[in-house]
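In what follows, a single structure is set out as structure tokens and then discussed.
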Amino acid sequence: MDQEESHVISIFETVGAYFINIFYNFLYKNALYKKHSIVMEYQYQVKGYILGVKQNKKLYEKMLDSFYKYFCNITQINSKTLNFSNFVSTIVDSFLPKEYSQSISLEKKDSILELLLCDYISNLGTFITTEKMLPFIVKNRKENYHKVTKEMQDYSLTFLLKKRMELYNKFLRKQAYVEPETELEETYARLSSYNRSLLYQIEELTSEKKSFLEELSTLRKKYEKRQSEYRRLVQLLYQQIQRSSSSKTSYPLTKFIETLPSEHFSNEEYQKEASADQKVILREQEETELLREQELLASQEVTSKSPNNYPVPQSRTIVNKPSDNYPVPRSRSTKIDFDNSLQKQELHAKNGFSEKAIVEFNQDKQPMFKEEAIVEFNQDKPEIKEETIVEFNQNKQPMFKEEAILEFNQDKQPEFKETILDNKEILDNKEDILEEENQDEPIVQNPFLENFWKPEQKTFNQSGLFEESSDFSNDWSGGDVTLNFS
């Protein structure tokens, strides 16, 4: 080892001693003041110091000034003879060849020193915080002091020597390179180097593109395979639906098939069969609707027409649609009265009685068995109560049988005609009175009765009683019906 190399190694060892002292002692003391774990806090301190020197210019200048003072004390050189610029030149010249160190300006040397120190500090901090070194620095410091400091000094010296060799090689390559004579050649050389870098990037991108295309082709093959499998399964499902098309449960499945994308059904037969199924369904729906309409019309015709056996007399009752504000009064007749009247008429027709004979017989009967006679009797004798009337009706004998009515109709004499005419005059008088009483009653309109059934129409027979006639069919379609008769 010559004298020059020994001088360089002494400078590198001085640099290593200063920064090892900072990492081993100064940052460890700062970590002890925190309440967190010492290991974690020591790591935070090391990282903070490295980032501060790199990023904060003031902290870097402060660190460099303290290092300058330390260097003067260690080398025992007076600060007057070794100023700050000479200190920077001494450190940087130890990394560069002599032929180049004299030609470099002081500003460039400052920038070179900054790069060297920042790189050195970051690498030394990374080495200290490894799992191999960190436990020995934080724990059992007295026992492991010599061992740890020796390893740190060896790492520092080897790193600085390696860095010196790299800088030497850079300057040697620069010396071998022939400098361009003109600016045009210099720009050409710069652009050619930039072009080479672009070509290298293009090669990398093309290789990546090839790899991506290969992956895309494999994925496309997988997709086509799965798509064909999916189409096959859908076709099988469609065939199964066609086999069970006669059952009603197949209808939701056909709807499910129709919701699937059309690209899976390239078969034209499926499209034709699907359209035919839709036509059949629409035809069935139309037929059902026509049947319903025919049933409704038939029911309306049945309810609107009366039986042919029962002639309907002309009624004085006018049934119109009621206004929205008018309350509908209750009817004077009920379903029971209507059924009783129908049963009576059927019984008379079965036994051979005509309506004319029944009317004449009702005119010739004794007035004591009529409702009008009971009313006149009650008017003449108001002291007789309803109980006596009920007893009188219960005690009366069934003297008028159907056989007696037949014999009476056959054997009746012409002298009864005068009494019949008198009774007709009485009936005409009563009809006039009833017409005057019913003129003030409102005509009720009910829209619910027009389409379903016609109301009961009451007329007076020749004997002065109400005779019930109806346009009802034999089927009763409603409950109580509310009407007003004028």
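FYI, residue positions are counted from 1 along the chain as it appears here.
Just so you know, glycine gets a Cβ as well, placed from its N, Cα and C.
Features as listed in Swiss-Prot:
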| type | residues | note |
| --- | --- | --- |
| CARBOHYD | Asn73 | N-linked glycosylation site |
| CARBOHYD | Asn83 | N-linked glycosylation site |
| COILED | 183-233 | coiled coil |
| CARBOHYD | Asn195 | N-linked glycosylation site |
| REGION | 299-329 | region 'Disordered' |
| COMPBIAS | 300-323 | compositional bias 'Polar residues' |
| CARBOHYD | Asn461 | N-linked glycosylation site |
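The structure, with features from Swiss-Prot marked on it.
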residue	record	DSSP (3 states)
Asn73	N-linked glycosylation site	helix
Asn83	N-linked glycosylation site	coil
Asn195	N-linked glycosylation site	helix
Self-check item: Residue pair Asn73 (N-linked glycosylation site), Asn83 (N-linked glycosylation site) - Cα distance, angstrom, rounded
Solution: 13
Practice problem: Across the whole of the coiled coil (183-233), what does the mean pLDDT come to? Round it, please. | Solution: 88
Practice problem: For Asn195 (N-linked glycosylation site), list the number of other Cβ atoms lying within 10 Å of its Cβ atom. | Solution: 10
Quiz item: Relative to the Cβ of Asn83 (N-linked glycosylation site), which residues of the same chain, six or more apart in sequence, are found under 8 Å away?
Solution: none
Practice problem: Determine the Cβ neighbour count for Asn73 (N-linked glycosylation site): the number of other Cβ atoms within 10 Å of its Cβ. | Solution: 10
